Amino acid sequence: MNGTEGPYFYIPMVNTTGIVRSPYDYPQYYLVNPAAYAALGAYMFFLILVGFPINFLTLYVTIEHKKLRTPLNYILLNLAVANLFMVFGGFTTTMYTSMHGYFVLGRLGCNLEGFFATLGGEIALWSLVVLAVERWMVVCKPISNFRFGENHAIMGLAMTWLMASACAVPPLVGWSRYIPEGMQCSCGVDYYTRAEGFNNESFVVYMFCCHFMIPLIIVFFCYGRLLCAVKEAAAAQQESETTQRAEREVTRMVVIMVIAFLVCWLPYASVAWWIFTHQGSEFGPVFMTIPAFFAKSSSIYNPMIYICMNKQFRNCMITTLCCGKNPFEEEEGASSTASKTEASSVSSSSVSPA
């Protein structure tokens with residue numbers, strides 16, 4: 001084995017020289033240069049600095065503006081809450097531990113950090129799935145006369161929390177476990193060992209299939225069908241400028257959504273699966289650290305894509321930030337009036353996130 005396994009930890013370094021120490025008790029500067037820990041702390045500070053305001057602003061603006069309190073926006077609020085879970089439960093902890101060079105908060109802190117980071121990430125992931133399904137149901141109309149209402153939104157919220165809990169809770173109660181990973185300053189599911197009594201193998205297979213592959217398939221299916229529906233509508237109305245513009249807007253939005261989804265989750269899932277299927281192989285601490293923090297950056301991508309690209313929310317946000325007046329409202333209003341010169345069966349409001 002090209003690593004050192006101990007009680008509730010796995011260090012990706014063979015202890016031939018005797019320098020490997022528990023990540024709960026000693027700085028891990030023998031793994032990488034101390035400057036790397038400083039860089040990690042600075043990166044987490046950046047995520048906190050950007051992630052907290054944009055997600056808090058999402059909650060505040062929605063509460064302040066009654067017209068934003070729509071059933072679909074419940075899911076967007078859920079997304080913001082999930083991101084705040086990651087900010088407070090994961091980012092602040094990792095920033096603090098990276099400043100010390102090891103997981104100074106001990107086993108309890110590792111469990112809490114791993115749980116909140118996993119819970120927040122999974123709530124966000126399944127919220128994106130609910131959004132994708134809602135867009136597919138409304139635009140493609142597989143069920144005629146379907147209208148997304150408050151009851152549907154509540155069921156969607158319940159599903160996101162249920163699925164997230166089904167992923168984050170088991171390691172706390174003995175099905176797998178949370179251990180320090182990468183540079184040993186943050187905690188995640190144990191992909192690294194076959195520790196007796198924890199059934200890591202079955203949990204990793206379950207997590208990869210049910211909490212990565214299934215969401216990925218659903219998102220690709222829903223947005224793929226959505227894009228086809230817009231193209232079909234545009235082909236049926238070749239002279240409709242509004243429809244052509246809607247097609248371009250939806251195409252851009254879908255491409256950005258899919259790319260962001262893959263950038264956030266595919267590197268982490270791929271590396272975790274490789275480590276799991278090649279246990280005992282040699283890899284460095286940075287090998288798992290970089291993908292893990294790509295996934296954490298979803299707390300910034302999500303609100304930018306799913307909320308800031310929503311014109312109605314953007315106008316309300318500008319109004320709030322500018323103390324009740326939107327300096328761009330008149331210009332946008334004129335543009336909106338000009339764009340409504342021709343009716344269309346598919347409009348940008350029908351295919352935007354909200």
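Here the Cβ of each residue, glycine as well, is placed from N, Cα and C on the backbone.
Both Leu68 and Ile275 are recorded by Swiss-Prot, but within differently named topological domains on opposite sides of the membrane. Among Cys140, Cys167, Cys185, Cys187, the one Swiss-Prot lists as the disulfide partner of Cys110 is Cys187.
Cys323 (S-palmitoyl cysteine) falls outside any helix or strand according to DSSP and counts as coil. Residue counts for the topological domain 'Cytoplasmic' (134-152) under DSSP (helix as H, G, I; strand as E, B; rest coil) come to 10 helix, 0 strand, 9 coil. Residues of the topological domain 'Cytoplasmic' (62-73) grouped by DSSP class, helix first, strand second and coil last, total 9 helix, 0 strand, 3 coil.
Mean model confidence of the topological domain 'Cytoplasmic' (225-252) amounts to 69 (pLDDT, 0 to 100 scale).
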